[in-house]
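Feature annotation from TrEMBL assigns domain 'CNNM transmembrane' to 1-191. The feature transmembrane segment is assigned by TrEMBL to 6-23, 66-84, 96-115, 135-155. If you look up TrEMBL, you'll see 210-273, 276-333 marked as domain 'CBS'.
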Amino acid sequence: MDIPLYMTLSACLLLILNGIIVLDESAMESVSRSKLKQKLTEEEGNSKGKAEKLARLLDRPTRSKLTNRLLITAFTAAGTLLIWNAAASEILWRRSLLLVIYLACYVAFGFLFPFKIGRQHSESLSLKFIGMQTILNGLLLPVTALLSLAANLFLRIFRQDTNVDESEFSEEDVMSMLEEGQESGAIMEEGRRMIGSIFRFDDELAYEIMTPRTDVFMIDLSDEPSEYMDEFLELRYSRVPVCEDESDNIIGILNIKDYMMKAVSVGFENVEIRDILREPIFVPETKKIASLFMELQQANQHIAVLIDEYGGFSGIVTMEDIIEEIVGDISDEYDEAEDVITKIDQNTYLVDGTVSLDDLNEETGSGLESENSETIGGYIIDLIGEIPKDGYVNRTIESEGYRFTILSVQERRIEKVKFEILTPAEQSEEDEEEK
């Protein structure tokens, strides 16, 4: 093919210029904010000035992105037209072949190569190119401003938000980056879970993490001390709700420290519990745990009493419960090790009836969902439509590709369950039996 030399050189120049812009953009998008912040505090003179300029551009990345995209589009279009016109004397298939070869080189050397180099040397390259980027932003400001104005006009026509800040990441963006980091080994699974818990922290409600009323140890002042004192001292709770006559009538919180100090001075038999009770904090069970955490901190309290929509006592939440939502289970020397989910084989698990559906799904990879129940025990009760009794032990229920076997029932609650994820073959077999 007979192509003029100046056209060949011009096409190569456009490819190189495109590569430089891609290199710059890739480096700026990959630069570490923490390292840049450190450089701002440690560097002096020209280096610090470049770091400050870079920080300003990263705080408002839209203009730089628009400038770079405009140049990349212009270089790509110009190079494509140049090659197509340079081979005007050739037959169509040769012109097309030449264009395909050029575009392949363009993608390889004008995009992929500089993109990867920019990500690997983001800090040094972004600082080297900061002067060029600032000049380009200024030169193309009239064009980019006009394009931005036109885009905003169309957004308003379609009633869309025009104040989108590209420097902000959505929760989905961050979680996606965390998963990628875990897969690459840069982030441990515990770290990913903790950061994920922080995101969920603002949305979680108190009743989702409470100790339900049926599991709460309480002292009833209408009972004789001999009926509860041995259990009270044996369980080693630091704070215990105190009721009178009925469990819904919570009159205070007993702090074990207050009790022991009083007992030392007057004797265990002479302690008047009513006199050392602390004022309980009552909150609706639908209160967000982030707000509850702040309320407990301000009141210097460690336990909150949850009230349902009918005014009844539904459970308690402690500061430890809230903190565990972020950092995971906290055990002390008095806590007994207890596995609420025990894996038997690849598809079979022993599960405590109080385990939440979210925790079970995360642990087993299942997809259980319910609008009415929070726990696996409640989910099974919804399936059978009855309150479980002792006769329900070893009863098996199958639903949506899962098998549930009730192993134990206590006081009308499902205590232990064998949970099985059915294989496609088992599901087909079950479908055949139903037919």
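From the backbone N, Cα and C atoms, a Cβ is placed for every residue, glycine too.
Remember, TrEMBL labels are computer predictions, not curated facts.
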Quiz item: Residue counts in helix (H, G, I), strand (E, B) and coil for the domain 'CBS' (210-273), per DSSP?
Solution: 29 helix, 20 strand, 15 coil
Quiz item: Apart from its near flanks, which chain residues at least 6 from the ends of the transmembrane segment (6-23) lie with a Cβ under 8 angstroms of it?
Solution: 68, 71-72, 75-76, 78-79, 82-83, 85-86, 102, 105-106, 109-111, 113-115, 117-118, 125, 129
Quiz item: the transmembrane segment (135-155) and the transmembrane segment (96-115): do they have three or more Cβ pairs under 8 Å, with pairs 6 or more apart in sequence?
Solution: no
Quiz prompt | Local confidence of the domain 'CBS' (210-273) - pLDDT mean | solution = 85
Quiz item: What is the three-state DSSP composition of the domain 'CBS' (276-333), stated as helix, strand and coil residue counts?
Solution: 21 helix, 16 strand, 21 coil
Self-check item: Distant-in-sequence neighbours of the transmembrane segment (66-84), which means Cβ under 8 A and at least six residues beyond its ends
Solution: 7, 10-11, 14-15, 17-18, 21-22, 24-25, 95, 98-99, 102-103, 106, 110, 133, 136-137, 140, 143-144, 147-148
